[in-house]
Protein chains: 2
Amino acid sequence: MAKKIRIIDTTLRDGSHAIRHTYSPEQAGKIAAALAKAGAPTIECGHGDGISGSSCQYGFMKYDEYEVLQAVLDNAGDAKVGILLLPGIGTVEDLKRAHEMGAGLVRVATHVTEADVGEQHIKMARELGMEAIGFLMMSHMEPPEKILEQAKKFESYGASAVYMADSAGAMVPDDAAARVSYLKEHLSLPVGFHAHNNLGLAIGNSLAAVNAGADYIDGTLRGLGAGAGNAPHEVLTAVFHKLGIETGEDLYAIMDAAEDNIPELGVQMIIDKYALSIGYAGVYSSFFLHAKRAADRYGLDARDILIELGRLRTVGGQEDMILDVAYRLAQQKKEK
Amino acid sequence: MAKKIRIIDTTLRDGSHAIRHTYSPEQAGKIAAALAKAGAPTIECGHGDGISGSSCQYGFMKYDEYEVLQAVLDNAGDAKVGILLLPGIGTVEDLKRAHEMGAGLVRVATHVTEADVGEQHIKMARELGMEAIGFLMMSHMEPPEKILEQAKKFESYGASAVYMADSAGAMVPDDAAARVSYLKEHLSLPVGFHAHNNLGLAIGNSLAAVNAGADYIDGTLRGLGAGAGNAPHEVLTAVFHKLGIETGEDLYAIMDAAEDNIPELGVQMIIDKYALSIGYAGVYSSFFLHAKRAADRYGLDARDILIELGRLRTVGGQEDMILDVAYRLAQQKKEK
């Protein structure tokens, strides 16, 4: 029997970062309809930072998130519609509302070492009868053994699958394969992989993950997403079909969904020197703007700051360290 | 000792396809200077289809190719400057002229089964004291054993290295690794790999090639190149340095070479539905325009034509088959 992979499309969630969360209900509905027509099984939508992400801190959505969600639900046909929830940003109440509207899936996203903070959300989702996936971000920062420990926590809360996200686009194929195969060996749940393209390896890493046993892979039309973007959904489908791996999708229709909807958004993903430095350094892409500002203030190259932040294993929430690092680098530069 | 890779930059040759061969001597000189400053060891330049490619059939260069070559030579510093030569397009006389001007390298490019046609050019280059590399195009079409046979021919003519080009961007990492490792096992020459990004795998395949033993890898700034483009040079450098593989280059300076020179060319590589279909089908990217015209004429989807051409293992020079294939597909469509 041919291998079968489930591609979870997140054009309308992670892709939202690339257009600064400006999807109108009409645009979102049109993209959802094109994906559904192509047989895409799962469509994630919402603010790039998940439900309730629309805020001063993470950037406001141009349209009400529930209106956008409704438009996606109205156009998703047979596809399951999902949301992302980052504990601390989204709440159990948000989850209930999305469920009432018709969302069938939640991915609860935590830093790779902090699955604990997702316990109540996974449990509530299962209580509501939703599919609930644990989503471990920045998973390049920890070895397979540590990730398994966190995945087991998600399993104990009732998660139906566990994802590893290479949030910084910092992995190479061997990294992805090592983590996936270790989890597949020691965990009975399906395993997913979410790539970013900062090192040009979104497709290479996704394919390595599938070869190592991954069951679910994330994609976005034209690779729309944070940083250098995600794995382009239509390219994933083409590569998998070429290798005889089934997706249940119509390849031409997925290609058309990209071709007919993304150019009009006026954005094209690119690996510029900062996106590349983020992958090289292995830091959150949201660090970039802070690093750029700090670099301007202290007359530094933002790349040096990003690389030092990576060396220090800085994680989301430690944005206040960025100025400290910049100050120190500036001092060192003076002393030279 | 750390592994060391030679990246051959072909922004000014394969990248020339992406801007329809419009590099001015000034632009080419500026890019060559930026590459040289970054420590790039080798810079290939000229028409996308090699020396004397400027023609009605392959597209005219906007500026005289020897003026562009001179500008590159004047700005290349310590980098070796190379040309590409496709026998039948370029001649031994062209080679002599480029050598007199100062080119130190020629890559003689033939279809993967036709190394023979490059014999005189390799021999002449060696006679002139140039580095001469055999360059096997469309190497996804043949198995490792067959490629070795052709590589041995190049070796017998005096080639100093043999390249495999994934001209259609049709390989996956296992394909690249299998070919490189077989050649490394059975050939004493250095082995090179030239990727295209039609399946989003330019970096993934290049890395697989290096892990399998490849010595030389091609890159272009921002991935500029035919079809969906090549492996971005600055991304290759970042990935190799991250893995402790030396390139002899300054990473920031290579990033800057891309950042400071490519955006002003006004083109950004993209995997659109046709570029993707070319990789999926495994056909020459130059087939696309012919297929598009034939599709319009017969009311077909150009992707169906490309995929059928791939199934028939059509190669360069068989462009006349494209209309035949379209006609037959149109007949079949009618009969349905």
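Please read every residue number as a count from 1 along the shown chain.
Any Cβ shown, glycine's included, is placed from N, Cα and C.
Small disclaimer: the values here were computed from a predicted structure and weren't measured.
According to TrEMBL, the protein has these features:
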- B:5-255: domain 'Pyruvate carboxyltransferase' (DOMAIN)
- B:ARG13, B:ASP14, B:SER167, B:HIS194, B:TYR284: substrate binding site (BINDING)
- B:ARG13: site 'Transition state stabilizer' (SITE)
- B:ASP14, B:HIS194, B:HIS196: Mn(2+) binding site (BINDING)
- B:HIS17: active site, proton acceptor (ACT_SITE)
- Using DSSP reduced to three states, classify B:ARG13 (substrate binding site) as helix, strand or coil. coil
- Query: Counting across all protein chains shown, how many other Cβ atoms sit within 10 Å of the Cβ of B:HIS17 (active site, proton acceptor)?
  - Reply: 23
- Binding residues B:ARG13, B:ASP14, B:SER167, B:HIS194, B:TYR284 (substrate) - maximum C-alpha distance in whole Å: 17
- Query: Taking each of B:ARG13, B:SER167, B:TYR284 in turn, which of these binding-site residues have a Cα lying within 10 angstroms of the Cα of B:HIS196 (Mn(2+) binding site)?
  - Reply: B:SER167
- Item | C-beta crowding around B:HIS196 (Mn(2+) binding site), within 10 angstroms | 30
- B:SER167 (substrate binding site) has its Cβ surrounded, within 10 angstroms, by a count of other Cβ atoms equal to 30
- Item | Non-site residues, in chain order, whose CB comes within 8 A of the mean position of the CB atoms of B:ASP14, B:HIS194, B:HIS196 at Mn(2+) | B:THR10, B:ALA165, B:ASP166, B:SER167, B:GLY169, B:ALA195, B:ASP218, B:THR220, B:GLY225, B:ALA226, B:ASN230, B:ALA231
- One should report the C-alpha separation between B:SER167 (substrate binding site) and the residue listed as 'active site, proton acceptor', rounded to whole angstrom, as 13
- Task: Would you kindly give the Cα-Cα distance separating B:TYR284 (substrate binding site) and the residue listed as 'active site, proton acceptor', rounded to the nearest Å?
- Result: 13
- Task: Would you report the average pLDDT that the model assigns to the domain 'Pyruvate carboxyltransferase' (B:5-255)?
- Result: 97
- Message: Using Cβ atoms only, which residues of the same chain lie under 8 Å from B:HIS194 (substrate binding site) while being at least 6 residues apart in sequence?
- Response: B:THR10, B:ASP14, B:PHE135, B:TYR163, B:MET164, B:ALA165, B:ASP166, B:SER167, B:ILE217, B:ASP218, B:ASN230
